[in-house]
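Report on one structure; see the data block that follows.
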């Protein structure tokens, strides 16, 4: 259980985290979603007592982080896989961490085994690939066998095999009854792993709900239809109160506010031939962007067109 | 105790501290051997003479102490450390204590090796460790190195960057404290209250060759005794360390 109440962090004039309140429940994977620069990492550092909140509190199992005795046994975290001395071996890195919380040395070998690094345990961590570093970071988080696990963008920069492994791993951890709190800037990634979502933008809470609710609310269901009888179908759908747009490049119809069943039935009733009938999944990211649109930290603006200077006149 | 054990694992599971130890002893003893070997003919080798090169080892040990902290900031392991042990004051004190004990023991070993090597080489001089002043000079280097390491750890915590912190701990004792005496009228007074001048006075003050030792530092007479000197040096080291710990506990990791 992680509980934030009115959590706020300012850096000078800039507000990184703004009056953020949320809770993370046990036995589930909770996604922490927001665009880059939304304040996810700052919030996670405050949970771990690394950064000091300007105001507000965050509690882990009802206690402030610095009150926890042997915190590795309560909450394990991977914030940055590169927080390792490059000349220290993976085993030596885990050994000193284990010693801080009086964990037995054999626990080091157990977690190395669990993340598949046993074979390279004595190699310096500086030579590890991103995927291996990420596995070492996860081993670090697992070391104290904690009830709460926290990962900051764990799949960033990983290959598909690594991504698949991490997703499965997080689901397993939640299935064991642990609290898993994982951040990402991709809704599609969260849709795969998280049951609950805490969505933030510009440091403010946008929504806290289940992933299914968030997707339902956020994305208009868009059905894509290709047919040689576009005009007839369009008229028939309009009678069924569906909103229809035409995709300019392909001439396909994009129907919103309806299910594929309805479109199929309308088409059959009108004797219209269909070449394609599909739900547009891409709208997931679009929906997320629409929700966090005002909340994007680094917005792009169109560059002004260069003024042409004609020489020789 | 746990934290000390942790810091011991951290320090010795990388190679640079080992190199620093070897270089510190090698430089000190090697330079002493050269000095004593070539001074043998004149027969002027004294106890103080065998200890002049303590500064070589001291500088290397101070760099080691700085790096023990700044590499943790450089590689982000300080955050992992504070995450596993949220009491930052305890963590930093354990680290300073461990590094300081190591520096003290190494400096002590280098000092006695220097004396022994000189005893072997300077056959024309009558070297013996007799009297409190001689013992203070040789064994005192351990105490000076211990306190200098605490000071260096403090500088490392405050500046967090290797280059900046190493520059400070080298330039301060080697240049600033020597050159400050060039300021007209007040320079010499200021210099006698410089921390490393005080530590130097603790080692060589009251020795038969104290004038020679003072000349090496480019320093003038100081208005306090040797033990007051080390107390002053210790107060500055510990004081700076306390400031560093308070700073580190308040700011973001």
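Quick reminder: no glycine exception, Cβ is built from N, Cα and C everywhere.
TrEMBL annotations: computationally assigned, not manually curated.
Going by TrEMBL, these are the annotated features:
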{"type": "TRANSMEM", "residues": "B:18-40", "note": "transmembrane segment"}
{"type": "TRANSMEM", "residues": "B:52-75", "note": "transmembrane segment"}
{"type": "TRANSMEM", "residues": "B:96-118", "note": "transmembrane segment"}
{"type": "TRANSMEM", "residues": "B:138-159", "note": "transmembrane segment"}
{"type": "TRANSMEM", "residues": "B:166-186", "note": "transmembrane segment"}
{"type": "TRANSMEM", "residues": "B:224-248", "note": "transmembrane segment"}
**seg_contact(the transmembrane segment (B:224-248), the transmembrane segment (B:18-40)) with at least 3 CB pairs under 8 angstroms, min sep 6** = no
**Item:** For the transmembrane segment (B:18-40), sequence-distant contacts whose Cβ falls under 8 Å of one of its Cβ atoms, 6 or more beyond its ends
**Value:** 12, 49-54, 56-58, 60-61, 63-64, 67, 102, 106-107, 109-111, 113-114, 117-118, 121-125
**Prompt:** Taking a Cβ cut-off under 8 Å, which residues six or more beyond the ends of the transmembrane segment (B:52-75) line up next to it in the same chain?
**Reply:** 10-11, 14, 16-17, 20-21, 23-25, 27-28, 31-32, 35, 81, 95, 99-100, 102-103, 106-107, 110-111, 114, 141, 144-145, 148-153, 155-157, 159-162, 165-166, 169-170, 173-174, 203, 213, 216
**Asked** Against which stretches of its own chain does the transmembrane segment (B:96-118) lie, if we need a Cβ under 8 Å and a gap of at least six residues from its ends?
**Response** 4, 7-8, 11, 17, 21, 24-25, 28-29, 32-33, 35-36, 45, 47, 49-51, 53-54, 57-58, 61-62, 64-65, 68, 127, 129, 138-139, 141-150, 152-154, 241
